[in-house]
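Noted in Swiss-Prot for the protein shown:
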- C49-C89: disulfide bond (DISULFID)
- C187-C216: disulfide bond (DISULFID)
- 30-290: domain 'GH18' (DOMAIN)
- N112: N-linked glycosylation site (CARBOHYD)
- N285: N-linked glycosylation site (CARBOHYD)
- 1-27: signal peptide (SIGNAL)
Amino acid sequence: MGLVHALLPFAAAAALLLLAAPPPATADDPGLAVYWGRHKEEGSLREACDTGRYTTVIITFYNAFGHGRYSLDISGHPLAAVGADIKHCQSRGITVLLSIGGQGGAYSLPTNASAADVADNLWNAYLGGHRAGVARPFGDDAAVDGIDFFIDQGGADHYDDLARRLDGYNKYYRGRVGVLLTATTRCSYPDHRLEKALATGVFARIHVRMFGDEQCTMSPRYSWEKWAAAFPGSKVYIGLVASPEQDSAWMFQKDLYYEMLQFVRSLPNYGGLAIYDRYFDKKANYTGEG
């Protein structure tokens, strides 16, 4: 049973609007984000966007950086096809982000200069920049809408420098945000790896992972509300696993509504749900209506 379908007896039309807001989303719509790129069997990026479920897809992961080497790992998906799919998703009003970091990989920012180099590579390889000698893995005419910081290992140094530099590229866009910055944090507040970066105030969204942390399993609503209170200027999302196969913190749809959504959805900076990940959402139909 899908997430929307399961909530209808309890929240009727309100839950439908909350969890199944179809793209394109306005600034005031609750969002439904999904992480894509961890399993080749999850289907293409285009397929995910064509479900009509998601307002944002987050490509995972740009997972090697900071030492003069840059690498993308999207589990064997063909890069050329992803570029075409990015443009297709954007044509449907769906935001496409590239997540940096993740579990595993080889990344850190040992110096301010390394942060500058990573910002330059992200800008010219994946965002709106172009520079001779810098390859664009998704093609010359495909650009993601922003960068998600999913920093799950190493130290905290210089991610604030990276965030400021990426935000600085918005000067090249007139009247709009060309480089959207988001962060995927651990549930316990604060997340020490991202604390300094978030203090810059340049992150439009924060996706709080309500899994992988015993404290959050015990008191998920309280843990999430600490984040919402700390960052009133950012949209704060509830990060969920789509299947009990992934983590014991998986929340049955009814429990999600009664334990969290009925209380937090009225908060002005509630952003929506962030589902990890597309493979398990497709397999379990967690956000579907069937």
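The backbone N, Cα and C atoms fix where each Cβ goes, and this holds for glycine too.
Structure with Swiss-Prot features highlighted.
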residue	record	Cβ neighbours (10 Å)
C49	disulfide bond	24
C89	disulfide bond	24
N112	N-linked glycosylation site	14
C187	disulfide bond	24
C216	disulfide bond	22
N285	N-linked glycosylation site	16
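The secondary structure of C89 (disulfide bond), as reduced to three states from DSSP, is helical. Taking C49, C89, N112, C187, C216 as the recorded positions under consideration, the smallest Cα distance to N285 (N-linked glycosylation site) is found for C49. Using CA atoms as reference points, the recorded positions C49, C89, N112 were checked against C216 (disulfide bond), and the closest is C49. Computed over the domain 'GH18' (30-290), the whole-number mean pLDDT of the model equals 95. Of all the disulfide-bonded residues listed here (C49, C89, C187), C187 has the Cα closest to the Cα of N112 (N-linked glycosylation site). Cα of C49 (disulfide bond) to Cα of C187 (disulfide bond): a span of 27 Å. On the backbone, the CA of C187 (disulfide bond) and the CA of C89 (disulfide bond) stand 29 Å apart.
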